[in-house]
Amino acid sequence: MAHNEKDPSSVEPIKRKRFSNEYVRLFLAEFLGTFILIVFGCGTVAVTILSKHQSQDFFSVNVGFFLGIAFGVFIAGGVSGGHLNPAVTLAFAVINKCKWRKVPVYMAAQYLGAWVGSAILTAIYYDALHNHDQGNRTIETAGIYASYPQEFLTWQGGLADQIFATLLLMMGILALTDERNMVGPTGRAYVPLLVGLLVLAIGLAFGFNCGYPINPARDFGPRLFTAMAGWGTQVFSEPRGTYNWWWIPIIGPHVGAIIGALAYNFFIGYHWPKERDDVQLQSPSSPIVIVKNDAYQPLRPSRSVYSEELRITTS
């Protein structure tokens, strides 16, 4: 065999094991995207806490999650839509933008990706953790991974916080992925960054009470890891132990995302004109005019970040 000829059995062994099953591909994409979210976001929190706030501050933490979300969606978006959040997935299913049979696949991948991301982060910062607490795992270092409320916050206040913050998140996501709205099909490439900026805005405005988890996988996956990795059952309660906290960043975001999805459709989504024969879509900041016959059809075959059901594969 000539030296320039390649043996098919030795070329790209990983590629030869490619998965054609849609559910496997969705799982892998959501797993990796959520993993990226955790290592960037919680990694920024780790630097802040382990350096005793000398290296970074609260704003840096928000930027870390902004970048984690953006890169996570960039990575997973072309395959799964880049939900990275069980509450978002559930809300999409409620408004028929994600098939219900896919919801368990999305959620399993998201929770597992968050758990594995926490494990890798702990391995990277193991020496720094030990230097910080001498092996005495406390809620302070558990805060690297999951959210904990301020001492003054009641469970009712925490639940309201999570419902409202996730409501804003879901409305923003729907606005950014609605091709009839401002972003449109030509701005699709910017959606991951815009979703990251949306999370940044929520963090700056609503991060004081409990750190704005707004994502059950981002919160409970790492929380479960800490319970298994030496922090114990204290991670399921608020710092004083007066009530169980763990369920609030799970229930609140799910409820808030559903309300946000329904609210967006009620105020915006259901009211686009169906017939566009004599209606022009024009950006206020652009002289370009696009004339369409049906506002409910994409301007061209395209992929929509986040909304799995809106994705159309080009050929």
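Backbone N, Cα and C atoms are what each Cβ position is placed from, and that goes for glycine too.
For reference, Swiss-Prot has these:
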| type | residues | note |
| --- | --- | --- |
| TRANSMEM | 31-51 | transmembrane segment |
| TRANSMEM | 58-78 | transmembrane segment |
| TRANSMEM | 105-125 | transmembrane segment |
| CARBOHYD | N136 | N-linked glycosylation site |
| TRANSMEM | 157-177 | transmembrane segment |
| TRANSMEM | 189-209 | transmembrane segment |
| TRANSMEM | 248-268 | transmembrane segment |
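Long-range Cβ contacts of the transmembrane segment (248-268) within its own chain (Cβ-Cβ under 8 Å, at least 6 residues beyond either end) map to 85-88, 90-92, 94-95, 146-147, 149, 155, 158-171, 174-175, 178, 181, 210, 213-216, 219-220. Its Cβ taken as reference, N136 (N-linked glycosylation site) is surrounded by 9 other Cβ atoms within 10 Å in the chains shown.
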